[in-house]
Amino acid sequence: MSKESVAIIGATGNIRNYPKSEGRLVDLGRGLVTHSFLVIPECPDPLLGRDLLQKLRATISFTGEGPPEIRTEGKLLVTAPLEEEYRLFLEAPIQNVTLLEQWKREIPKVWAEINPPGLASTQAPIHVQLLSTALPVRVRQYPITLEAKRSLRETIRKFRAAGILRPVHSPWNTPLLPVRKSGTSEYRMVQDLREVNKRVETIHPTVPNPYTLLSLLPPDRIWYSVLDLKDAFFCIPLAPESQLIFAFEWADAEEGESGQLTWTRLPQGFKNSPTLFDEALNRDLQGFRLDHPSVSLLQYVDDLLIAADTQAACLSATRDLLMTLAELGYRVSGKKAQLCQEEVTYLGFKIHKGSRSLSNSRTQAILQIPVPKTKRQVREFLGTIGYCRLWIPGFAELAQPLYAATRGGNDPLVWGEKEEEAFQSLKLALTQPPALALPSLDKPFQLFVEETSGAAKGVLTQALGPWKRPVAYLSKRLDPVAAGWPRCLRAIAAAALLTREASKLTFGQDIEITSSHNLESLLRSPPDKWLTNARITQYQVLLLDPPRVRFKQTAALNPATLLPETDDTLPIHHCLDTLDSLTSTRPDLTDQPLAQAEATLFTDGSSYIRDGKRYAGAAVVTLDSVIWAEPLPIGTSAQKAELIALTKALEWSKDKSVNIYTDSRYAFATLHVHGMIYRERGLLTAGGKAIKNAPEILALLTAVWLPKRVAVMHCKGHQKDDAPTSTGNRRADEVAREVAIRPLSTQATISDAPDMPDTETPQYSNVEEALGHRLRGTKDPAGWWHLPDGRLLLPRAVGRKVLEQTHRATHLGESKLTELVRKHYLICGIYRAARDITTRCVACAQVNPGAAPVEKGLNSRIRGAAPGEHWEVDFTEMITAKGGYKYLLVLVDTFSGWVEAYPAKRETSQVVIKHLIHDIIPRFGLPVQIGSDNGPAFVAKVTQQLCEALNVSWKLHCAYRPQSSGQVERMNRTLKETIAKLRIETGGDWVSLLPQALLRARCTPGREGLSPFEILYGLKPPVVPRVGCDKLASITNQTLLKSLQALQATRSLARATLRDQLPQKEAQQDRTPLFQPGDLVFVKKHDFQQLGPRWDGPYTVVLSTPTAVKVAGKTPWIHYSRLKKAPDNQEEWTVSPTSDPLRVKLTRRAKP
């Protein structure tokens, strides 16, 4: 009965209230309805009320004779618009509530709301496989609020009553972590099994991919039912020996219980639970799939979806599935069941009449995500919205700024306009997502591909009449190598990427790829200058698969829809012609000799080592003359020299028609093949790194345009025949090798005196004239002073011009410039003029590392007034040692110079704080001030907050000025140098050698003659060898001498007394070892089995001492007490001949 009642006035005129029944299913003959009946026990016969007659659409008529007649059939005239006429033939959908109530009566055992948790009747208990190195882990229970504990108490009592939990005593323990259910005061019981998961073997996950699962749903099946299994994991039993590892603490004061509980079923939070349950349920439902081939059943762990063609088929299949689940022991949530509907929500997607779209709840959840503050929040946002990427055209291009913002390790998040625009654009795209069609595997697919800014974009469609219906929007970022290709080749990479993605939805069905590029021609005639053989093969295997894959070229794709433009007048470009124009550095460049060349040049670069130095030179020659030849800086590679020589040849050939020969494959390929590729990539290699010799390559690509016509040919080097090509190449090689050892041309530019004005006489001052006479110089007829050492005395004005010209050619510093010019000229005031010229040079000011001089007294560092008052701290990078240690945290007390250093795996603020709190402050007291550079570990918020809490001043030094931290920087160098020396002597790693390096640094005297050890402890450093008794006579201080002698006598007496009290040991120097190398011995086993041997072996003795031996096959030394001699002749060797007279066969056999 329901709580509702109705007031009734009967024939007597009295008013009485009668109750109404709950809604019951009533079959009216034309369909099912829900009706609440009025319950009147006094009524002798059932009566049809007006409400039920209205649902029957009954007509009551009265005739003259007989009782009234009730007719429920008749003709009804319906007038409707033609476009709405189809509605007359639709079946009225059955309400979800109606079916749920009916099936709760028919199949009561399957519903979770009215039954205890289920148990799969056909599944064997699960055995959990631990790692071979796993040991029990014990993690104490987190504090739980009283409200959460009350909520968990009811859940645990229910599970204990159902046998899902049981008391246990286990060495394992992990905590519970209650999680509040959204919108309620209840808590979900979650166990923190992270430590257990680390110690359990991971099985291969076989859970279906939700990205492709709905692709298995035929679009013509438009009636759906969705079932969600309740407490699904608890249906699978757990083996008793595996139950102990999932124990947790629980105390129930009301029941008077306290101890550990564990699961007897598969627990939630265990990393293998989804896979184990998915496989178990899939096996149990195999029979249902075979019995119902006309419906589709999709399973994602515990979420089930049935799809059928008609409502009747969906009803029948859903009923059978519920009965099957009830028989197997599973439970279905009635609250979440969606029964026989045309629109359902499954895995966050809304499915309706063969299409899928994003559910409103998922969209609203993403739209409410605030602007990220950390890189982790950016990754969380990308992961959440990435689940919806099929509905966002060009997702990869839109999200690229956000992906870029997550790089950089632990660096702070940089959030600018680009990141904000990308964040809002992705959210905006979610507010208007399209409805995507479910893929039909009976129809071919069309893939429209476009590439922009290194991102592949496309849309996968299927034909629906004359329209193209989208199935998915696809997008991926190209790898760095493909992103540097020309646009036509990037289209191939985009097509390959998206075809691979589309195959997850097409399942190998026919696909037509449409692009604005002629992809098929490019694939059949691949440009091997750009693509490696491996990539060509990969693309051809994936895309050249007729008739499954077909290509179609269109003029352009609409950037908004990624579908072809309808305008057929747009031109279609030719990809091969475009690639040829991009590959060639200039259109008329050829590798065949020109017939009417004005000159034929031969280039070569030479690089070789002599006296430990690498000399290099380059030359450009003809058959009878040298065009250009110069030495190159020490250390120049041969490839770089070849590029320079070829560039000089092209520069000399300006406005000429020339043939140029080179024997360098590198220079030839750079000019003909790779030069434009490097330029397109932004001077990057295939791996995304900067190319070598980038300035020389750019100069070569610029110089190739200077000749009027040019042909560059490759010839073999070091040929001995008399062909003109070989002769010219040999000549270029000889000249290049010859000039390599010459001084650089910088000195040649000033080796001769500059051109002096012929019409002007040098104007010497009186001082300069007197200087010329004093140095016994002579004047030539032109008036120039020549000194006896061969130098020329220059007036100040002329001398300044010489200095300026020399500096422009060399950009030498003040001292080197003066030294160089003084070899040829004598100039009064040369040092002042050189200083003025070098100071005024803009190029030198921009490049030279020297900074402006600091006024004396301003660059002094702060030092403490007592030990431990002021510390300088810094991280220095080391080579990676055992344990992953890569950094060294160094702290120096500025007062005493005492150093502390700690190895670290990461350069983080946690490391700094740990050693400050645990090491520095407990040992040296609270510092007044700490100084450091602006490293992330020191400017971190947590570091600064700690200093504020401790009232310690943290001084950040000037950026890019290591002198501000000079004391700790110098200590870094000292420690590294000491460790390097110790590594050379011992071969150990730097972590193990660090204590010895610290000892050396702490005991080294400073400028005042005192070491940090002396300043801190007031004692001499314990590193100087002790002075023995034989040295005491050399000491002149008689008082000190007597004291030392008395101390030595007391020491000797004490040692003698103690020596007499010790037990006498047998002399072992003459004792012969019991076992000799080569002997066979048995080794006693530590743990032998009953009825098994106690001794292992025999083993051969390798080394022996009077007390222990080392045997072959065992690492440790073994004491004599665990050895015994093995009998001799334990094995026998025999020699037998073979078919080869030079070989014999040796056979070893153990004697019985």
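Keep in mind that glycine also has a Cβ here, set from the backbone N, Cα and C atoms.
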Region 'Disordered' according to Swiss-Prot, located in which of 353-377, 1128-1152: 1128-1152
From D624, D663, D780, the one annotated by Swiss-Prot with D604, E642, D733 for Mg(2+) 2: D663
Record-annotated Mg(2+) 1 site (Swiss-Prot): member among D220, D228, D411 besides D302, D303: D228
Neighbours of D604, E642, D663, D733 excl. site residues, C-beta within 8 Å of centre, Mg(2+) 2: T603, G605, S606, A645, T662, S664, G717, N729, A732, A736
Residue pair D604 (Mg(2+) 2 binding site), D933 (Mg(2+) 3 binding site) - Cα distance, angstrom, rounded: 50
Top Cα neighbour of D933 (Mg(2+) 3 binding site) in the set of binding-site residues D228, D303, E642, D663, D733: E642
Mg(2+) 1 site, defined by D228, D302, D303: further same-chain residues with Cβ within 8 Å of the Cβ centre: L227, L229, A232, Y300, V301, L304, S333, K336
Nearest of the binding-site residues (E642, D663, D874) to D303 (Mg(2+) 1 binding site) - Cα to Cα: D874
Euclidean distance between Cα atoms of D733 (Mg(2+) 2 binding site) and D874 (Mg(2+) 3 binding site), Å: 53
Pairwise CA distance, D302 (Mg(2+) 1 binding site) versus E642 (Mg(2+) 2 binding site), rounded so that it is a whole Å: 68
Largest tally of Cβ atoms lying within 10 Å of a Cβ, found at which of the binding-site residues D302, D303: D302
Surrounding CB atoms that lie within 10 Å of the CB of E642 (Mg(2+) 2 binding site), all protein chains: 28
